[in-house]
């Protein structure tokens with residue numbers, strides 16, 4: 001019996017090629033989208049699981065109150081680590097202080113490589129347990145562990161164990177071991193190529209070790225822990241919540257431990273609470289995948305039920321010769337599963353073909369390393385579910401025809417077709433919501449990109465140097481660059497122009513608003529920094545080499561001046577860390593940190609030799625390549641290594657990578673959704689035309705014009721599209737508001753974006769319907785009436 005079902009299903013498929021093709025294409029693309037999104041989602045949830053017992057690993061986070069706002073950061077000072085060990089040691093297996101990953105220069109004789117790494121306490125290795133390929137993981141005060149890729153770059157095929165490495169041109173360390181590079185599925189991928197003792201970093205600070213170990217405000221570090229399995233992160237966080245409060249009263253810190261399982265997907269905090277992160281993108285894509293699949297399923301149901309008239313005779317004959325309703329239901333379900341199975345195999349091919357494009361768009365290394373048997377079982381389950389959803393209604397609907405009425409031509413087919421019309425509305429509802437979201441995301445991106453920067457990024461280049469010799473001889477280096485006719489100006493600072501170095505408290509002034517918890521971003525800059533980057537002064541002046549008193553002067557941005565209030569006047573004084581500084585200038589808000597966030601109040605001090613970020617503006621005229629080569633050559637005369645020159649505008653654009661990537665995905669999925677919806681609309685309009693060919697012929701004979709006939713068919717579908725638009729607009733507004741909420745700097749919701757979306761949806765729908773209708777109404781009516 002089952003064999004007969006299969007044979008009949010194949011015959012029906014071949015007999016109705018257009019219907020079959022439309023269904024298979026729609027289902028294939030829908031399933032392919034679901035497959036790719038499912039693989040990416042699974043990959044995202046595997047992040048950091050390579051670490052042994054990763055569920056016991058956490059990072060200490062601190063929520064502080066800065067200028068009235070709560071901010072959460074993974075920053076700690078040395079006393080945090082000692083306090084956890086001595087007072088709360090029973091909760092932890094290991095506690096390790098480490099620097100944030102930073103770029104440093106490592107050299108083996110003449111071979112010099114810039115690489116990211118950390119300076120860490122010994123327990124760092126016990127917590128993360130890097131896989132050792134050579135040597136051992138126990139390091140002394142002058143040892144270093146390096147990743148396999150770094151070892152190959154520095155030593156080639158030679159054994160590096162015991163050989164010296166020069167760090168930043170001054171510290172000579174011995175290679176104790178080589179570890180396997182952290183995988184792409186970890187937070188440390190490409191961020192940690194070496195692990196060096198933390199005492200080396202301590203020695204670079206202007207404090208003796210005994211003092212800095214007591215400095216609660218020296219927040220240069222990360223703090224990692226491995227907890228005892230008997231305690232939860234929430235339990236431990238409740239115990240250590242107030243350990244820093246007595247020592248940092250200005251920011252009212254609250255300490256907690258954030259589990260590694262949440263680092264990747266739940267990495268955003270606002271006002272002291274976790275507000276999501278990449279998990280929001282995952283949820284968005286899952287919703288889009290389900291929506292696209294529902295579009296494909298509604299296509300199937302619509303096209304299957306639309307053919308009921310053409311198959312009614314078949315159902316009547318089979319019932320008349322003894323076929324039961326159950327056998328007909330089985331027959332139609334087999335046909336449904338056949339369509340789904342064929343579509344599922346094509347979807348696999350489409351998904352595999354699309355993975356390279358997906359990897360490129362996501363800049364990820366998505367690999368198919370999931371358990372194959374589980375995948376096959378789950379995929380077959382999804383296909384079964386799709387087959388049931390797509391086939392149950394057509395099966396029961398078609399099998400319900402009464403043979404006597406069918407064979408006498410008395411079958412009354414429901415011409416209102418409420419279900420079919422509802423499904424069309426549902427299809428275009430999903431498609432138009434995606435269109436509106438696509439327009440909104442690109443509008444937000446362009447809106448933020450047009451935000452005033454407060455400086456000129458044109459031909460602006462910078463690099464971060466770790467060479468103390470270059471910093472010490474910066475004046476001579478600057479003179480050499482200016483004499484080379486390659487640059488217009490050169491400056492040095494403690495941060496690049498688009499970043500705030502660090503937020504600090506301890507500011508006080510007389511009058512105005514309460515300043516007890518004021519936290520300002522602080523950056524030290526050389527006198528030529530403002531002219532180099534193109535700051536715009538609202539009041540006052542820049543730092544000047546001819547003003548010795550400027551060592552006790554400051555420049556504010558407008559946000560800081562507004563926070564301070566009426567006391568932010570030129571010549572007024574502000575006290576910081578027991579030193580009085582005179583306000584000499586106020587600049588238009590330079591865009592620093594996230595372009596989507598609000599401007600942080602910032603204070604700029606005159607650099608006193610702590611700056612490591614060198615910024616220069618290239619001259620017009622010479623080719624960029626030759627200018628960069630000249631800068632590199634001059635830099636080598638003053639430094640032990642070549643500079644990693646970066647353009648400011650390129651670095652600034654990095655802030656848009658994730659949102660532009662999401663925008664591209666939403667655009668692609670919107671196009672696929674429209675494509676699938678159009679397939680269904682084309683199929684239904686084709687079927688409607690086929691059912692009314694004789695009516696078209698008669699009306700043409702009676703004088704109906706092409707436009708009148710076209711209008712008759714188009715309006716039948718167009719009012720459904722319009723209704724779906726009416727429903728989708730308020731839902732889209734709600735979704736758009738939720739999506740825009742996390743952005744402090746955001747575009748407004750205007751009627752124009754909906755007008756554009758409505759026009760796109762209606763235009764595409766009319767084109768899909770017209771393509772078949774116009775062909776039919778132009779046919780000679782004699783051909784349509786020949787059998788009469």
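Using the three backbone atoms N, Cα and C, a Cβ is placed for every residue, glycine included.
Remember, TrEMBL labels are computer predictions, not curated facts.
Within the set 418-442, 443-467, 468-492, the record from TrEMBL flags 418-442 under the feature transmembrane segment.
Transmembrane segment is the annotation TrEMBL gives to one range among 216-241, 242-267, 372-397, and that range is 372-397. According to TrEMBL, the feature transmembrane segment maps to residues 284-306, out of the candidate ranges 192-214, 284-306, 514-536. The transmembrane segment annotation in TrEMBL falls on one of the ranges 145-170, 327-352, 561-586, namely 327-352. Per TrEMBL, the range carrying the annotation transmembrane segment out of 665-689, 690-714 is 665-689. At the 8 Å Cβ cutoff, the transmembrane segment (372-397) and the transmembrane segment (284-306) share at least 3 close pairs (sequence separation 6 or more) and count as touching. Note on the transmembrane segment (418-442): residues 288, 291-292, 294-295, 298-299, 301-302, 305-306, 393, 659, 662-663, 666-667, 669-670, 673-674, 676-677, 680-681, 684, 717, 720-721, 723-725, 727-729, 731-732, 735-736, 739-740, 747, 749, 753-754, 756-758, 760-761, 765 of its chain, located 6 or more positions outside it, place their CB under 8 angstroms from a CB of the stretch.
For the domain 'ABC3 transporter permease C-terminal' (668-781), the number of residues in each DSSP class (helix H, G, I; strand E, B; coil) is 96 helix, 0 strand, 18 coil. Per-residue pLDDT, averaged along the domain 'MacB-like periplasmic core' (482-633), amounts to 86 for this model. Tallying C-beta pairs under 8 angstroms between the transmembrane segment (665-689) and each of 284-306, 717-736, 748-769 places 284-306 first.
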